[in-house]
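Participant: This structure is in structure tokens; I'll ask about it shortly.
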Amino acid sequence: MKMKIIVLFLYYCYIGSTSSVLASIDNVNELSVLLSVKSTLVDPLNFLKDWKLSDTSDHCNWTGVRCNSNGNVEKLDLAGMNLTGKISDSISQLSSLVSFNISCNGFESLLPKSIPPLKSIDISQNSFSGSLFLFSNESLGLVHLNASGNNLSGNLTEDLGNLVSLEVLDLRGNFFQGSLPSSFKNLQKLRFLGLSGNNLTGELPSVLGQLPSLETAILGYNEFKGPIPPEFGNINSLKYLDLAIGKLSGEIPSELGKLKSLETLLLYENNFTGTIPREIGSITTLKVLDFSDNALTGEIPMEITKLKNLQLLNLMRNKLSGSIPPAISSLAQLQVLELWNNTLSGELPSDLGKNSPLQWLDVSSNSFSGEIPSTLCNKGNLTKLILFNNTFTGQIPATLSTCQSLVRVRMQNNLLNGSIPIGFGKLEKLQRLELAGNRLSGGIPGDISDSVSLSFIDFSRNQIRSSLPSTILSIHNLQAFLVADNFISGEVPDQFQDCPSLSNLDLSSNTLTGTIPSSIASCEKLVSLNLRNNNLTGEIPRQITTMSALAVLDLSNNSLTGVLPESIGTSPALELLNVSYNKLTGPVPINGFLKTINPDDLRGNSGLCGGVLPPCSKFQRATSSHSSLHGKRIVAGWLIGIASVLALGILTIVTRTLYKKWYSNGFCGDETASKGEWPWRLMAFHRLGFTASDILACIKESNMIGMGATGIVYKAEMSRSSTVLAVKKLWRSAADIEDGTTGDFVGEVNLLGKLRHRNIVRLLGFLYNDKNMMIVYEFMLNGNLGDAIHGKNAAGRLLVDWVSRYNIALGVAHGLAYLHHDCHPPVIHRDIKSNNILLDANLDARIADFGLARMMARKKETVSMVAGSYGYIAPEYGYTLKVDEKIDIYSYGVVLLELLTGRRPLEPEFGESVDIVEWVRRKIRDNISLEEALDPNVGNCRYVQEEMLLVLQIALLCTTKLPKDRPSMRDVISMLGEAKPRRKSNSNEENTSRSLAEKHSSVFSTSPVNGLL
């Protein structure tokens, strides 16, 4: 009966098309249907504002609506509009509809079962759950189905095999399980098959080898096991095969060598064994070959050198042996060669890099020997040279010290000798120079002090014999300088007045003499200072006790004299102090962490006493008093301490009485207490001048300053310590409480509380009980970056110049680089956006809101749901649900575009289904001047626009579609260094433009990326 009704309906629609009157009636009906569809949608950004009745209403011109020549709706494209709600059943009345796209929204409700026959359905990047809807005979004409990036589950049914017209099937990033249906063999027209990022199991079906039209097969990030079917070698049209990250095993079939069109082959992170098939060398079209993270054995086959189009070869983390085929240096397109963590031996090909645009060479943790080839940077593209943990001998090639593209040089733990070549300090992109654990001699080249880019220098465990260059510690970007275990002599340079970035200084185990310069206290970012095992004399400068970031101070095994500074125990951040085996005297202060310091960290000082050491004798006290005025202060301190204890006891009694009175009438009233929400526990990550009670007193509606996806934020003013805090009370569902997840969450927050970086909002503490959780962190005076850019707070008036915005971009990059590269395990934020970047009183950027962050103990980790914010989410996040640092880098790129354009990630002006990334890329494709995209409030003159365009290129690199093509955050920092604003007078503007134009292409030399689009 239903089929008859549909047939009659279609028949009358056809007859009606011959009559203008009936056509008009039909259009009115479709208009009503569209309004009915709109009525069940939630449209917070008002994208569908033109969907309304008016005297001139023509629904064919409405946003997202396309009609055929008869005036009937044939396409609905509502992608990227932030829509929620449900799709009305009335959509079934759009009988001419053939294409339906609601991707990148927030829909959760299932589609109506009465959806009309379609050729294209795109419901990707939503929150649909449940099983994939069943297909009726009316769906047999379906050509394009994209349901990626949802929460769909269940098994893939045999019904999918009935869609014989299907060309694109994209189900990536869901929770499908079970094995692949054998009916897939019926999909003879299928060109694209995307199933990655699910929980599919079983073996790969050999019937996939019967799909003659298949060009792209993305099946990785699943639980497939067993071997690769040799029948896969029959898919002659296959260009892209991704079977990465699974449980596949056995040998790689030699039949893959028959895939004459294949360009990308990804088999990394499986359990493949055996040797690399020599037949792989027959795939002359191959550009990307990644067999990393398996258990492959044997040698690298000589046939690999026949892959003349090969750009990337990654065989790292296997069990390969033997040497590198010498002819690999003849591959004219090779950009990336990663072989680290194998058992390879022999020498590197002597002309490696001579014929290829080599950008990235990593052969670390092998058994390579011989000399380092001098040709590695012949083409001028080498950015990363990583050779550590081998047995390379000879000298460091002088050609490397003139390689202007270098960003990282890591050669530690080899047998290199000779001196450090002069010239590394002149490489404007070089960030890391790691030469530790070799046999290098001579001195530290003086040009190192002139570097404008070096952030990490490690010359430890060598045989360097010289004094330190006087300005070595004043390198502007220097964060770590490590020269331990050498023969460095002379005094510690007294040139600390300009060390804005230095956080780690290790001069231990040398022969340094003289005193510790008091000017070292000017290094505001210094976290670790290690001067142990030297010949230092004099007293410990009391200025050290005021250093706001210093957490580790090791002065052991020297000849320091005098007393411990009284305030050293209450130093703002100090957590570890070792002054053992010196000549210190006098009582040990009993304040701060010195009350519980390990006595071993004080031993070897015969004159020290008191505190955690044995009590001071009268003789020691007299000696101490005679030798300095500190004795009087200590006696006064004891008297004041006794008085303070008495006063504190009285104050405690009074406070408890007053608090009980407040507690019965304030925030935590009797009702709350009766529900078990007491006691509150305060976990402190820093020394705090307030209590849980102080915080709770501020949690009231009048102090609320924000509300987000993770909780409510309150401003809390601590009158006792004149401190202003931000307190986030986290949302918690009843299920969370019943599941008892508090302990896990506390553990995670405890890890995050240990983060220390100037561009990360400091977590000061964590307040919790059985029902509620609150995170306490620094209050940022200038709010968040999103409001500043888009004009919602006063800080926006301070961001009208490019230098301020650039500095914010650089600060965020440093913060993310710390999370990704310096934390162990690394921290993936997962929700980088302008609203999660806070601005302090100096407009320095601080990354905030780790409500979605996860500590990544492994390189890849599955998450239970898509997190992040629309407009900032990386495209692969919807189909892999496996997160790594690349999703943060994409989001960072979007933030860069916000800073550059002054626009939000999603704006109606961009067009339907277009975000800011695509909006900019379209301008490039359409040859539209990119200056038009820049914020006119900032880029109002030519040289500023040129500087901004350099950063725009970095933003485009960060937002490339493929995660592997995105740079790391360390690369981003290097590129931003190239794009640093250079202010010149108007008379020099022409020269400025020319110099920037020359740098325009070099920005990309720090990342192996071929293009922007």
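Glycine residues also receive a Cβ, built from the backbone N, Cα and C atoms like all the rest.
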Participant: Pick from THR273, THR399, THR742: which one does Swiss-Prot list as phosphothreonine?
Facilitator: THR742
Participant: Swiss-Prot annotates one residue of THR305, THR657, THR862 as phosphothreonine; which residue is it?
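Facilitator: Cross-referencing THR305, THR657, THR862 with Swiss-Prot, phosphothreonine lands on THR862.
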Participant: Look through ASN155, ASN991 and state which residue has the annotation N-linked glycosylation site in Swiss-Prot.
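Facilitator: Annotated as N-linked glycosylation site in Swiss-Prot: ASN155.
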Participant: May I ask you to name which of ASN151, ASN927 Swiss-Prot has annotated as N-linked glycosylation site?
Facilitator: ASN151
Participant: Between ILE705 (ATP binding site) and TYR777 (phosphotyrosine), how far is it from one CA atom to the other, in Å?
Facilitator: 14
Participant: Helix, strand or coil for ASN146 (N-linked glycosylation site)? Use DSSP.
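Facilitator: In the DSSP reduction, ASN146 (N-linked glycosylation site) maps to strand.
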Participant: Out of the binding-site residues MET707, GLY711, VAL713, give me the one sitting nearest to ASN151 (N-linked glycosylation site) by CA distance.
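Facilitator: The smallest Cα gap between ASN151 (N-linked glycosylation site) and any of the binding-site residues is with GLY711.
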Participant: List, in sequence order, the same-chain residues at least six positions removed whose CB sits under 8 Å from that of TYR777 (phosphotyrosine)?
Facilitator: LEU725, ALA726, LYS728, VAL761, ARG762, LEU763, LEU764, ALA848
Participant: Spatially, which candidate from the recorded positions ASN61, ASN82, MET707, GLY711, TYR872 is nearest to ASN381 (N-linked glycosylation site), comparing Cα atoms?
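Facilitator: Ranked by Cα distance from ASN381 (N-linked glycosylation site), first place goes to TYR872.
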Participant: What is the interatomic distance between the Cα atoms of MET707 (ATP binding site) and ASN199 (N-linked glycosylation site), given in whole Å?
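Facilitator: On Cα coordinates alone, these residues lie 35 Å apart.
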Participant: Given GLY711 (ATP binding site) and TYR872 (phosphotyrosine), what distance in Å do their CA atoms have, once rounded to a whole number?
Facilitator: 20
Participant: Mind tallying the repeat 'LRR 13' (357-379) by DSSP state, helix then strand then coil?
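Facilitator: Breakdown, helix to coil: 0 helix, 7 strand, 16 coil.
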